[in-house]
């Protein structure tokens, strides 16, 4: 649960806290919104640690930090105990990429994870086996890509089903091991195969599942041979990050790729099992829907003791994914597992009994058991001896490799997954050696964009050079080279689209430099810098601050993360003949909102058809989703299948759409003073470059459209408060539109949105004219100008957007349909009724009525005060001893007192009404579940009902009090007349 470097650079804050077994997460956008989850164990590893002399991370004195030792003590020992007792055991690691699941499972450096620790402890125990016992350990490693195992081994691997053992991998080789060194070498060999597979298949390791299976058999030789067998599954699941964010993009191709099917199905299985545990009737548990859930069926719903590790990212920028992981893990806690000890007694009597039962089908049994008999003839010792011979051969290869590392320069692979970096070494021996996909090359490389003969290395006179073949892409230190280039120690080399290698020079050139700093992100940052893209280009917080805005850093890291994916997409498009070019762009790089504040920047991908010049703009989430599907299509192409798909299923195809080309700011302040503005505004694209110039006029006018002159301007905009304000927006023409010159069959529309209008207004489309005449005018009316509207005119700009149309795309609606119009046909703005988008329009009608009645009451109050003053002056002239004057004076005093009391009660009641209104206004529906949402709706309905009753009661009470006061006033006037 440590922040990775990308999250640190982005200035991320920790949003996770732990207390005993409880884990809490707070929403960074609403810190008061905290969700708490309770699990069996919770480990804090974000802070409170230091590194000892061996490189182990240990507690810095705080009891809160949990390192690898503590995790193994609590979880790994439990797995071992289950195995010794004869139970199957499964340990799953779940979480988003970069959250630490691979670190927990495999570890890094001195901080070994659960897999090596479990294997080592198991081997230690079997080294001291007793004479009458035999322990057999066999290990296999499976990596699942694209829902398929067949690509991991020539000839293919298939999932089979057996009535007794359930689903299993047919053809999977389980290698016998009798010490930890052998297991360690097996895992290293598995990593090499996994690294080669990721390169060959153009697949990220973060989207693969790794399953390490350990078969542990205990044979006890007593009067009868008793066999106790258990299977340990250690599973590092693929990154759990959702394409969430693709839901909001409304991509026509849903995220249903085989890459994500396993985790989706795993979630469905866990949800179904959780419902079973609560007593609900579940008709179907979808184990068969994915390879992963088939292999884990016994672990999830049957004979196994199962542990799940949910790895969390504490970074605020990962809040949504972390919350999703916590909810996923919470569902798992409700599953009830049942497990059995697998014991088999080999007695003669039992064998005879079984033989008698099967006597009728002896021939069939003999045929089926022939293979099993041959296999059984090979004793465990013989199998172990065969494995030892293989180890010796591998050891000699490893010895040869170490000698070559000390003798020759070589290329060292760098992978996005740190576990798979530094795994492959390609040695550059004396003379020349070719590199490419052809088997005749000295260095054989597979991968996107690598041709049969891609480049040539020359090692002569202590120098090494590289020369790319014609049209083959080779990048050295971020720069594409076209001719022979000499390499220096620690140079970064990229071959093809994204095969990254660190060059380790001859021994004489090597230094004490720490090469570990040249990780995958270093390569991509170097490429971005060579293209002129940097954090400085994105902008900083402000003057006097050295650190860039965290959101800007997050965009920068998104950019370098997507760079290799875009390069790969371009290569796949080229090889599949799709004729599309993908480019990274930064949305809102140089754009601001209506008040001049910078807009939130984000990464988008511009897609251009190189023949038709049609353009699309994809969000980051949409591109990543499409890239997954592209990989599947490309993989079928590599395997010789026909890559043609129907248009609706093609990840490279989208319907033609309108494209946002640029924006301009036209400040509205002139309208606040009834002045006229004629503006030539530059329409700038997201990078701040001019795309066109728009001629636009803003004019104040009367209700009938007559333009105001200079003598009708106002000095203070507040003079217009609560008065009718009319104005016109006239768009004359657009000059020098680059979009229209880019290709034939293009057009434009201009859109803008004024104040509280429910949608944008668009001009009529204009096609194929570099300087299109528009000449469109819209008349707007604020019937009762509010303070907020006048403030909007003084401080905001009108955002004018230029949209590019393409042949076949849908045009924007240029009508005024759906807008509120006056009797004269003008568009109404500053309309309080615009707030009635919710389902309580009657509530707002009553509010408007209340405001009008309140204003009348204020006028009445002023009139009563004036009359009260006049009456007091008249009373002073009266004879203080005159008896008849006592009655009207007393009546008047009572009336004044009652008026004051009535107004005080009214304002008190209105304060309650205002609080209820604000509570309604700021209420937001919950995001938790349907049941809570239903309760929220009921509560809102009750609040609206209470609000209406309180409002009516307040107004009615005031009306009644005022009527009584008026009545008494009339009585006083009638009484005082002679």
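Quick reminder: no glycine exception, Cβ is built from N, Cα and C everywhere.
Among the ranges 785-815, 816-846, 847-877, the one that TrEMBL lists as coiled coil is 847-877.
Of all the Cβ atoms in the protein chains shown, 20 others lie within 10 Å of the Cβ of residue 97 (ATP binding site). Ranked by Cβ neighbours within 10 A across all protein chains shown, the binding-site residues 95, 98, 100 are led by 95. Summary: among the binding-site residues (96, 99), the fewest other C-beta atoms within 10 A of the C-beta are counted at 96. Spatially close to residue 102 (ATP binding site) yet at least six residues away along the chain are 93, 113, 236, 417, 419, judged by Cβ distances under 8 angstroms.
The ATP site, placed at the center of the C-beta atoms of 95, 96, 97, 98, 99, 100, 101, 102, has further neighbours from the same chain whose C-beta lies within 8 angstroms: 103, 239, 240, 311, 313. Every protein chain shown contributes to the tally, and the Cβ of residue 101 (ATP binding site) ends up with 27 other Cβ atoms within 10 Å. Each residue in the domain 'Kinesin motor' (1-335) has a pLDDT score, and their mean in this model is 78.
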